[in-house]
């Protein structure tokens, strides 16, 4: 049985009618696949030998089936390649997001550590200032106590000198009284001449004693006045020296504070400039990365793979350079901060 007779037996009459309608130019068929109709359209229904028709039709059907199989395999391979590409892109995006998250966490930790360090340094400076203030107050109290002690000793010495002076005066008065008593006894015992002589002698002695007493008193008063004058001069000189010393110390502290303030301002400015440069470098890197991604999307599949590898390598190099730059910046800031710290 030839292929056409088998085809007529197997296929309904309506399908055969539609097949010949397709060959004559009309469209549409609901019974056979499009590939089969494409193959049948190429078959000639002229009156030729049944064997020749059979062989050509089988060959054409085999070629059509082979082409369909190859097209299906190509479609399947293209879909698999597309899925692999999408998976690779998702993985790449996930890794980039993970790296950005890690960088943000590192930055956050570094900022927290920096704040803790600054708080510790502020606390340390406050404690040092408190200790200096307490030491200054102790020194001031010690000096005040010393001055009070010296004043008490001076007062004690003055009182002792006064008592000694009063005792000397009492002694002199007692001696004078004794002499007067002796003179009176001598006056009574002796005659009028002797009485006159004793009176004159007593008068002379009294005048000499009074003169001596006045001279001693004047001398002591002069010495006391000179001593007081010298003490006041020494006290004024001491106070002037202390004032000068305090003024110089205050001037030095003020200069040191101004120098420290200038150094801190310079360091802050330097750190701000370094941070600005790092930020600009990061922005440039981000722009370069976006440009690289855009270029890789526009290129073909093979070219995209090569560009992707190049972009990956560039990104890795940029990340390494960024990390090295951040480490150098951290070291530089730490060294500058160490220089700004007050020496113990």
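The backbone N, Cα and C atoms fix where each Cβ goes, glycine too.
Straight from Swiss-Prot, the features:
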{"type": "COMPBIAS", "residues": "285-315", "note": "compositional bias 'Basic and acidic residues'"}
{"type": "REGION", "residues": "206-244", "note": "region 'Disordered'"}
{"type": "REGION", "residues": "285-318", "note": "region 'Disordered'"}
{"type": "REPEAT", "residues": "74-89", "note": "repeat '1'"}
{"type": "REPEAT", "residues": "90-105", "note": "repeat '2'"}
{"type": "REPEAT", "residues": "122-137", "note": "repeat '4'"}
{"type": "REPEAT", "residues": "138-153", "note": "repeat '5'"}
{"type": "REPEAT", "residues": "154-169", "note": "repeat '6'"}
{"type": "REPEAT", "residues": "170-185", "note": "repeat '7'"}
{"type": "REPEAT", "residues": "186-201", "note": "repeat '8'"}
{"type": "REPEAT", "residues": "202-217", "note": "repeat '9'"}
{"type": "REPEAT", "residues": "234-249", "note": "repeat '11'"}
{"type": "REPEAT", "residues": "266-281", "note": "repeat '13'"}
{"type": "REPEAT", "residues": "298-313", "note": "repeat '15'"}
{"type": "REPEAT", "residues": "330-344", "note": "repeat '17'"}
Chain residues in Cβ proximity to the repeat '6' (154-169) (below 8 Å; excluding those fewer than six residues from its ends, i.e. six or more beyond):
220
Intrachain residues whose Cβ lies under 8 Å of the repeat '7' (170-185), provided they are six or more past its termini:
198-199, 201-202, 205-206, 209, 213
Helix, strand and coil residues within the region 'Disordered' (206-244) as assigned by DSSP:
39 helix, 0 strand, 0 coil
What mean pLDDT does the predicted model reach across the repeat '5' (138-153)?
90
Using DSSP, how many residues in the repeat '7' (170-185) fall into helix, strand and coil?
16 helix, 0 strand, 0 coil
Helix, strand and coil totals (DSSP H, G, I; E, B; other) for the repeat '4' (122-137):
16 helix, 0 strand, 0 coil
Per DSSP, what is the residue count of the repeat '2' (90-105) in each of helix, strand and coil?
16 helix, 0 strand, 0 coil
